[in-house]
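First up is the structure itself, then whatever we jot down about it.
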Amino acid sequence: MEKSQKVTVLGGGSFGTALANIAAGNGYPTVLWMRDQERAAEMSKTGENARYLPGVKLNEKLICTSDMQEAVANSDLVLVSVPSKSFGDVVRDAKQYAKPGQFWLSTTKGIDEKGFKLMSDILREELTEQEIGVISGPNLAKEIGQESLAATVVASNSEPVRTLVQDVLSCRYFRVYANVDMYGVELGGALKNIYAIIAGLASALELGENTKAMLITRSLAEMSRFAVFMGANPMTFLGLAGVGDLVVTCSSPLSRNYRVGFALGKGEKLEDTVAALGEVAEGVNTTRLVRDKSRELGVEMPLVEGLYKIIYEHFPIKEVVSQLMQREQNSDVEFVLPRSEAN
């Protein structure tokens, strides 16, 4: 049965396509917007996003378009699913067609370098008459497209936003959990990209399972430490948007950031690796932004510092690993034993 609320997804990448397909499959009139008119026409004709989500059949009722007015003007729920570097531009292009009372959510896991803004900050600045939120979690788009069992988190201060997103996106293979800590959910999605690169490096160097476990756990500690300084709830990082997203992106070759790290560990050039991906690996830019912000705040983030040295200062990987292993040993769980009291 067709539902009354209309859904729009801005961004024809892999994750945006997967979410739009779910919404259409749940009976919501859904429009998937992308800049490229030819690609929109091709997807409408073939019923497939051959570039970003090949092999996944699109719902026959899903409308693909490059017309922003058609996509936004009559929508009730707008999901923005574009890379962070173009997020602000897309929202500013779209807001002229926005109407009061619409729900706008970001699915983008990145940080805007202009003032260290998260995507919800941009939505809040640009859309003053709309309710906002974010979606984040352990969501590899290819697996979702193939209908593998998965879950995500919708975070918003608005209960109607959370409820509608759960209704629109929940299905037999995809669950949607709710949270009010929008900042924490969003930070988790952005920060884990850094550590996925590190995990890929470790895998390429064949450092072992103990090493991987250590890296993931210390990554979670580092993320939580930074999040507290930024005003997020550390408990959020124990959920799907924190440890859940961290584990999947640090373990799967389907993760773009993991693949970047793996290639670096094999001695490939960063520029060649990023170009070969065909999609954005947010962790490369996020590493620089978080390293600078952590220094500004006085937050210790040794893994971020180490990766920054490898990517931007071209330190030998083995030298950075050696430096990290020789650091002063501190507390394991800092919210139990503060760093200042550790041996």
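Positions of Cβ are set from backbone N, Cα and C atoms, glycine also.
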Sn-glycerol 3-phosphate site partner of LYS109, LYS192, ASP245, SER255, ARG256, ASN257 (as recorded in Swiss-Prot), chosen from GLY133, GLY137, GLY278: GLY137
SER14, PHE15, ARG35, LYS109, ARG256, VAL280, GLU282 bind NADPH per Swiss-Prot; candidate in ALA141, ALA221, ALA227, ALA232 listed for that same site: ALA141
Residue among the recorded positions ARG35, LYS109, LYS192 whose Cβ has the most other Cβ atoms within 10 Å: LYS192
Candidates GLY137, LYS192, SER255 (recorded positions) - the one closest to SER14 (NADPH binding site) by CA: SER255
Rounded Cα-Cα span from ASP245 (sn-glycerol 3-phosphate binding site) to PHE15 (NADPH binding site), Å: 14
Collapsed DSSP category at ARG35 (NADPH binding site): coil
